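Visitor: Got a structure here, written out as structure tokens. Questions coming.
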Amino acid sequence: MKVNIKNLMMDLNLPRIEILVLLEKVLQKPRTWIIANDLNIISDIAFRKYNDLRKRRLKGEPIAYLVGYKEFMSNKFLVNNSVLIPRPETELLVDVSINSLSTLHKPRVLDLGIGCGAIAISICLMRTDAEVVGSDIDKGALLVAEINSKKLGANVTLINSNWFDNFDIHIGKFDLIVSNPPYISSLDKHLELGDLRFEPRIALTDESDGLSHITNIVYNSRNYMNKGAFLWMEHGWDQAAKVKNILKIAGFRNITSFLDLSGIPRITGGNI
């Protein structure tokens, strides 16, 4: 059976944008070409590849994993099931971080739980004078971060560590520490819904109340922060007050939360 692009675009089971993204992957053509040439017959091989991706998508597998990348801060980041898929709201963490560095020359930055590298690499590309270090407990995630760093031309030092466990005295202190830690409660039903079903559980939940990793980061980060340095963390929609309290008890100053595009407190931190 001969099938053209227009036939595939008429599929009512997938949003048009998702069909286009899958076709970009299969045909290795830009979206503009696909739209302009929608009467083109696709090969049997391409059709089989597309149909396989379509079936996987209908079962709920994230588009980012199917096509192998996710856009973040206008850059394409390689992603696979070893890493969390970057979310638009996490771009706020980058923006807040960059603002914190505005008065500093050659700042040192640490990204705890680097994942695919979206946060650390974005900061590195925007502040080319910065020394950026990223850590992760998962070696698969570090491999993805390394690939993305090289592909995007970012000089990020990578460390295999469970938070601060493998840090030594030579790592020094930082002017900024950022993290998007696993903050979902293990009892949250969202873990069994949507994209979260396919993402690494270790990157989503602390298998507790969602605050244990945040607490660990807050109390141990002080040992690696220069005077006046900032700590910024992403957290859940209902955790801002609790995170602020953890920071206050730990002795942080100028504690602030920032709202995401939905008006939800998403980033909280302060300085020492």
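The backbone N, Cα and C atoms fix where each Cβ goes, and this holds for glycine too.
I grabbed these lines from TrEMBL:
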type    : residues                                                       : note
DOMAIN  : 14-68                                                          : domain 'Release factor glutamine methyltransferase N-terminal'
DOMAIN  : 99-192                                                         : domain 'Methyltransferase small'
BINDING : Gly113, Ile114, Gly115, Cys116, Gly117, Asp136, Trp163, Asn180 : S-adenosyl-L-methionine binding site
BINDING : Asn180, Pro181, Pro182, Tyr183                                 : substrate binding site
Visitor: Around Trp163 (S-adenosyl-L-methionine binding site), how many other CB atoms lie within 10 A of its CB?
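Guide: I get 18 for this one.
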Visitor: Work through the binding-site residues one by one (Gly113, Ile114, Gly117) and name whichever has its CA nearest to the CA of Pro182 (substrate binding site).
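Guide: The smallest Cα gap between Pro182 (substrate binding site) and any of the binding-site residues is with Gly113.
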Visitor: Which of the binding-site residues listed here (Gly113, Ile114, Cys116, Gly117) have a Cα atom within 10 Å of the Cα of Pro181 (substrate binding site)?
Guide: Gly113, Ile114
Visitor: Could you state the whole-number distance in Å separating the C-alpha atoms of Ile114 (S-adenosyl-L-methionine binding site) and Tyr183 (substrate binding site)?
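Guide: Distance (Cα to Cα, whole Å): 15 Å.
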Visitor: At the level of the C-alpha atoms, what whole-angstrom distance separates Cys116 (S-adenosyl-L-methionine binding site) and Tyr183 (substrate binding site)?
Guide: 17
Visitor: So what sits near Gly117 (S-adenosyl-L-methionine binding site) in its own chain, CB-to-CB under 8 Å and at least six residues off in sequence?
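Guide: For Gly117 (S-adenosyl-L-methionine binding site), the qualifying residues are Phe77, Gly134, Val144, Ala145, Glu146, Asn148, Ser149, Ala154, Val156.
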Visitor: Return only the integer: C-alpha distance in Å from Trp163 (S-adenosyl-L-methionine binding site) to Tyr183 (substrate binding site).
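Guide: For Trp163 (S-adenosyl-L-methionine binding site) versus Tyr183 (substrate binding site), the Cα atoms are 14 Å apart.
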